[in-house]
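According to TrEMBL, the protein carries these features:
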{"type": "ACT_SITE", "residues": "A:K78", "note": "active site, charge relay system"}
{"type": "ACT_SITE", "residues": "A:S158", "note": "active site, charge relay system"}
{"type": "ACT_SITE", "residues": "A:S182", "note": "active site, acyl-ester intermediate"}
{"type": "DOMAIN", "residues": "A:25-475", "note": "domain 'Amidase'"}
Amino acid sequence: MSDLNKLTIAEARDKLRGGEITSTELTSACLEQIEGAGALGAFVHHTPDQAMEQAKAADARIAAGDAPAMCGIPLGIKDLFCTKGVPSQAASAILNGFKPEYESTVSQNLFDAGSVMLGKLNMDEFAMGSSNETSVYGNVVNPWRRGNEDTALTPGGSSGGSASAVAADLCLGATGTDTGGSIRQPAAFVGITGIKPTYGRCSRWGIVAFASSLDQAGPMTKSVRDAAIMLEAMCGHDPKDSTSAELPVPNFEAMLTGEIKGKVIGIPKEYRMDGMPEEIEKLWADGTDMLRDAGAEIHDISLPHTKYALPAYYVIAPAEASSNLARYDGVRYGHRANLSQGDGITEMYEKTRAEGFGPEVQRRVMIGTYVLSAGFYDAYYNRARKVRTLIKKDFEDVFAAGVDAILTPATPSAAFGLGEMADADPVQMYLNDVFTVTVNLAGLPGISVPAGLDKRGLPLGLQLIGRPWEEGELLNYAYTLEGAAGFVAKPEKWW
Amino acid sequence: MSIDTDTAAKVAKLARIRVEDDALPALAQEFNNILGFIEQLNEVDVTGVEPMVSVTPMRLKRREDVVNDGNQQDKVLSNAPDAREGFFAVPKVVE
């Protein structure tokens, strides 16, 4: 059977269980595609030997019966996840050569379920970016192109390698992480599904920390059903993460009924931004109609503090990053600068961090240092945390008023060209996360679903935001939207 | 609030990131752009609002105060740029 790499996780699971294919065949098909896809820059560390070993073990397990859904499924793992004995450097020069002695909980959960790791995926350095242009490994290229142009487009970021790899069928699914939109924005840019679960659903243990109060892992997949299957395998309580929720994990796939009659979907007026492209407006209106046609009640709602989410995020995330990234000091792991005669420990720190961190990471660490410094802590950091309380309350109020989920655009535009934002102010790049960042600040689950193409043939996504811990319900709304939108387009292979 | 090159140099120092003198004016300008964006927060009335500590209402879990780990010096040191005789080695710290 050819094109096994193009299967969804659900299709592959059924074929594996039915004995039609083996994980060894499936894994080989993916490895072959990865070999030929260097131009995408998605896979940065290849682990074919480990993959084949895991595939053989999965085949044995499936043959023995009673294998979990993810058994034998070949995945890509974002470079932010520590994987035992395999380079894990958060796309940063400062972690050059770092090979963890331990496995992140999320990747371990996936391996325990029998999944296969094909390799590590490119990303923005320390997950700081919206275009995958800050990686030490170089840019990731979006498999999609604008019409007949050959301009290289961004796959979004920070989980750009995950997005590109899944959209190009190099793997069946990939892990991503989302601090301000890093799963949902790239998923929208490449026409795939990406869900960020409720804060605390997935363990953060072994994931290189960016902003600990915002970071969450989630799956990036070819369909909503796949997202449900893979999320279930990723999450669960972990004593090693003190913010990990001690809640049972539902069977998310079983909750995909397509039945949403009488559910209340909120449309927040504050997400209608000035200068929003007409195509995005139309997509949003179409999505609203689809949910209404499926039996949902549509309510106009207000989330009054939306405008302040991005500025609050650009205080809180850099503040936490400056603290988390203090550990990269050239002592315990990764890069250490060559020192001159007479250099002491301070010079070692300063030179190591200047060489090891790229410009965007340096910028954010320093902004974070500034907003936490004596005299500014109250004015910036405490004020931002108060605004965060208000942003969360906006959501609590609409949920208390009976709203079940909220529909918004996923991104303010389609994928843009690599380099197109090079001369822009950093703040312009930050605006990419305008629709997604509220969800991280409020700790809610959010999912991006591909819903259409723009006039140049690029995918556009819609976002659904759910109540805390109701990923199952959220996935069901997304499943309904996916079915109605009928998005089946794939990028034409040029790589 | 405007950041001058001296403040930029001080922040770089606090962050332990070496920034050459000729790069400081551009850095100060970038800080000003970002802080200008952040200053929108001053428009919000936050009187009586508690700063968020935890996004999900939960008390951090505690564990028994017992040793549950250890005896893995080799693993701890395996990624160090300079490890000697069971220790991390660094340049001279005290004069």
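Heads up, the Cβ atoms here are built off N, Cα and C, so glycines get one too.
Note that the coordinates shown come from a computational prediction; the quantities given were computed from them, not determined experimentally.
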Between the Cα atoms of A:S158 (active site, charge relay system) and A:K78 (active site, charge relay system), what distance do you get, rounded to the nearest Å? 10
Give me the CA-CA distance between A:K78 (active site, charge relay system) and A:S182 (active site, acyl-ester intermediate), in Å, as a whole number. 11
Work out the three-state DSSP category of A:S158 (active site, charge relay system). coil
Surrounding CB atoms that lie within 10 Å of the CB of the residue listed as 'active site, acyl-ester intermediate', all protein chains: 37
A:K78 (active site, charge relay system) -> DSSP, reduced to three states, gives strand
Three states by DSSP: which one describes A:S182 (active site, acyl-ester intermediate)? coil
